[in-house]
């Protein structure tokens, strides 16, 4: 049988990740359907793990969760969370939701611990009375932005394995991007991949890149949403109904992104392939360059990266 997964502070991202895992486990029971997943797409570049049929079909049982515990702070939140999971198919109703002071007991019963709380309360959770004994020898995976490996290690016993991850909000629809610190042993690596490829793509990177990853992938959906909104407004300005303008803009962004990911095309190639001499595209591009859209977007990543370095750290007065 598989392992027990405890999700501490199961908020929006915790629900998103668990939803992906539960959906993948359910799909695993229908191999023919899974084999059609992402059909027609070429394999992505080497080094990037994506949700594929074989990821779950070929995974050893010990690398897949078979029991789930989710903890929250309030009883009311717990009741809402239970209803949410009950609507997630056959495995959703099996999720054990615990409210109040249930973190330590949940960790005692778990093999793998996913810390999904807000960064500023991760320390208090891992330093709760009895937690040190409960977490000994287990795998702790943190999704808390700005909380470093060195901090996590200082809050748990030496025998505890600690991994830092950075998922983003599109995990809610299984189109997320998660970055994970390197893992040495094969089973833990497979286990982590099974969790995060169930809700999108996953890449292992050194921790020194995490602030930039937080800005690019974590904050990125907000930046892209601003571009999406602007494109939509432009369509409305020129007479398109808003619903249709949003559909055209959103699908255009999605399709362009997938061409870069699966066809391996450089953004400049994609741009040039649409740009004809004296055409409307080059006219629009020059307007964007006049507005310094390229450098402004790049600077936004720079500023967000610098700000990310302070997340999860004790404030200094």
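Any Cβ shown, glycine's included, is placed from N, Cα and C.
Checked against TrEMBL, the range among 34-54, 55-75 recorded as region 'Disordered' is 34-54. Each of the binding-site residues 8, 13 was scored by the other Cβ atoms within 10 Å of its Cβ; the lowest score goes to 13. Here the C-alpha separation of residue 13 (NADP(+) binding site) and residue 103 (NADPH binding site) works out to 17 Å.
The two recorded residues, residue 12 (NADP(+) binding site) and residue 103 (NADPH binding site), show a Cα separation of 18 Å. Cβ environment of residue 9 (NADP(+) binding site): 71, 72, 73, 115, 116, 117, 118, 121, 122, 125 lie under 8 Å away, each six or more residues apart in the same chain.
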